[in-house]
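Q: Pulled these features from TrEMBL for this protein:
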- Glu314: active site, proton donor (ACT_SITE)
- Asp447: active site (ACT_SITE)
- Glu556: active site, proton donor (ACT_SITE)
- Glu581: active site (ACT_SITE)
- Thr667: Ca(2+) binding site (BINDING)
- Cys510-Cys542: disulfide bond (DISULFID)
- 25-45: transmembrane segment (TRANSMEM)
Amino acid sequence: MLPTYQRFNTSSSGKIRSFRASEKILIFLVFISFLVIVLFGFFLLPDFGGTNGVIQVYNKFKKAGPEIFIPAPPISDKNAKDFDAQRLQEKIRSELDFDGLEKPELQLPNKIPIVPIPVPDHHKNHHNRHHQDDKTTQHASEVYIVDGADQEPSVREKRDKVKENISDYDDDYSFEISDHGHLNPKIIYNNEIIEKRSTEINKRSVDGFLHRYSNVERNVSMIDVVKREKVKQMMMHAWNNYKLYAWGKNELKPISKRAHTGSIFGAYDLGATIVDSLDTLYIMGMKQEFDESRDWVARKFTLDNVSADISVFETNIRFVGGFLAAYALTGDNLFKEKAQYVADKLLPAFQTPTGIPLALINFRTGSSKNYGWASGGSSILSEFGTIHLEFSYLSDITGNSGYRERVQNIRSVLKELDKPKGLYPNYLNPKTGKWGQQHMSLGALGDSFYEYLLKAWLQSGQTDEEAREMYDEAMSAIMEHMVRKSPNGLTYVSDLKFDRLEHKMDHLACFAGGLFGLGSRTLQNQYTDRYMEVAEGITNTCHESYIRSFTKLGPESFRFSDAVEAKALKSQEKYYILRPETIESYFIMWRLTHDQKYRDWGWDVVQALEQHCRTDGGYSGIKNVYSDPPQQDDVQQSFFLAETLKYLYLLFSDDSLLPLDEWIFNTEAHVFPIKNANPLYRLAASSSP
C-alpha cells in the first residue's frame, strides 16, 4: 500500500517542491547515525593489523586463573620484532593469583637399549601414527630409545641433542632383531655376540653395561634387564604426560591431553595418580619424580574441601594404601601422617549397627550411605572386606589400636554368619547383619575380600590363624561350587547366582591365579596340590582370553559355552581399561614356579600395550579388544601406574626385589612389609610385636 503522501510533489506551476522541515530533520538524524557507526568501528573494533588488542584480551583471560589458561596468541610479522614472548610469559606468571606447584620440569631418561615392538604387515596401515611417534634412533645393529613426554619444543631439543651425542658413549650394545621384529636370544656388544644364559649373563663381556644399572642382579638375563627397562620407559611416558597435562588432578585423558574429571574421585584435585604412583616411582628408582610427588603431597593434598560422595573402598586402597607403602619403603613420617589423616576421614562410615561400613562418604560433612542399587542398600563384600591390611598395619605403626578393632569387628560379624554352601554372598545389610541377594563371585563385588583373608595371615607373619582358616574354608567351597572346566579343558571361576552358574568370568577374577598359587606355596595342607592346579589353570585361561582377541589384550569379562570359550559376547564386556589382574598372576606364578612362559606372556602384554594403548599423551584403554583397529577410550587409569606397570617391572626383576616372603601387595599393588620377617615393618613403641 502506498503512503498517504509523496516525498516529491509538484506545484500547479510544475516546479519541484522543497523538503518539508520534518523530512530535513529525519535525513540529518540518519546521517549523524551513520557517522557515529563509522567512528565507532574505526576506534573501538580490534586492530587486526597488530597484536596489542589480542594480547589485552589474552591478559584478561589469564587473570581469571590457571584453569582457563590459554596458549599465547599468534604474533603477526608486522610487530614480531617488538614482541618479547619471554617477557610476556614472565609477566603472565607474575600476575597469576595461584600459589600451587609448577608442573615439574620434564627430563629425558638416559640412553638405554630397547626392543622395538613388532607390527605384523597387515597391521601397519592401522598403526602408522603410533610408530611415527616412537622416538627411536636405529644405527646399523644398534637400537636406542629416547622416550618421555616429548611434545614440548624444549624437550624435543633435548632429544635431538641426545641423538647427536650417542657416539659419546664408551660401549655399543644392542640386540639382534629378527626379520619380523622379534628379539633373538643374543646380545651384540662391541660387535661381539654373547649367547643368552638361562640363569646368568656373561658378566666379563658386559661389565660396562652392568655398571649403568644399580639394581641389576646376577641371576637375571640381559634380555630381562632390557625388558624391565622398557617397562620403566613406559612408566616415564605415562608419568611425564600426567605431569604435563593433569598435574595435581586425579587422572589423565591422554588423547585429549587434559585432566579426566569423570573419574571415581571427580573433579577434586586429590592427585590420585600421584599418590597411587608413589611406591612404583620409588621401586623403579625414579627419585626426582618421587621427590616431586612428595612435595605435592606435603603442600597440596587435602580432603577437607571434598563435599561429594566418595568411595570408602577406593579411598582406602589407593590413598591409605599408597601412603602406607611409601612410608614402609622410606620411613618418612609425612606418609604415615597422611595415611592416618585419610583413615580418620573414613571412620564415620563405620558408624552402623553392625560396624559394617557404608560404601560412600562425604568428607566435609562426615555423612555416609550405601549405593541404592546394591541389594536394598547393602554393603558390598569386596569393599568392606578390603580394609583389613591397611587398618591393621596402620594400628601397628601408629600405636592406635582403634583401626584394627574396626576391621576385626568386620571379620567377627562375617565369621558368625551362616554361609550358604560355605560361600560368602556379595551383599550384606549393615543394619540387620543379614545377607542380601544370593550372588557369589570371585570377580566383581567379591574378589579382594578373599585376597585379604590370605594376605592378612601373611602380613601377620602367619600368626593370624583365623584369617588362614577362613581363607581355606572359602577357597574349598569356591573350588567345589564355582570352579569349572570348559569342554576344551580351560579352568575358570564362574559367578553363582541363586544356585545357578553363570559360566562367565570377570577380568577382575584373573588375580585368582596368583591367589591360589600363594595359598599353595605358603602352607602345606590338604589343599596344597589342588590350589596349584587351579592356579595354573586360571592363569592359563586368562592368557587365552588375551590371545583370542585381535589386540592380544583381554576383555572385561568372558564366557564359556559349547559355542565359545574365553571370549566376550556382549558389547559391554569387550573393553580393556589397562587392568592389571592377569599380569598380577603372571608375576606371582613366575615367582612361585620360575616357568619362563609367564615372562613370555608378560612381554606379549607389553607389546600389545605399546601397539594399541600408547598415545602421544600417555596410555589409553580401548573399547573393544576384538576391533581392527580398536577405538581408544581416552582414560589413563591411575591403577595403570600403580599396578599394571609395577607388576610388569617386577616380572622381569630378580626375586630379591620385593621378595614374597618379606612383602605383600594390597589389592592396588601397594607394598606392605610382613611382620617379623621384614625390618621395615616399624612397629610403634606402644604396639605389641
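Every residue gets a Cβ built from N, Cα and C, even glycine.
Describe the structural context of these features.
A: Annotation for Glu314 (active site, proton donor): same-chain Cβ neighbours under 8 Å, separated by at least 6 residues, are Ile264, Phe265.
In sequence order, Ser382, Ser441, Asp506, Leu508, Ala509, Phe511, Ala512, Thr667 are the residues of the chain that are 6 or more apart from Asp447 (active site) and have a CB within less than 8 Å of its CB.
Applying an 8 A CB threshold to same-chain residues 6+ apart, the list for Glu556 (active site, proton donor) reads Asp506, His507, Ala568, Gln572, Glu573, Lys574, Tyr575, Tyr576, Ile577, Arg579.
Counted within 10 Å of its Cβ, the other Cβ atoms near Thr667 (Ca(2+) binding site) come to 26, all protein chains included.
Other Cβ atoms within 10 Å of the Cβ of Cys510 (disulfide bond) number 31 in total over all chains.
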Q: Rounded to the nearest Å, what's the C-alpha distance separating Cys510 (disulfide bond) and Glu581 (active site)? Just drop the number here, would you?
A: 5
Q: Within 10 Å of the Cβ of Cys542 (disulfide bond), how many other Cβ atoms can you find? Include all protein chains, please.
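A: So the number of other Cβ atoms within 10 Å of Cys542 (disulfide bond) is 29.
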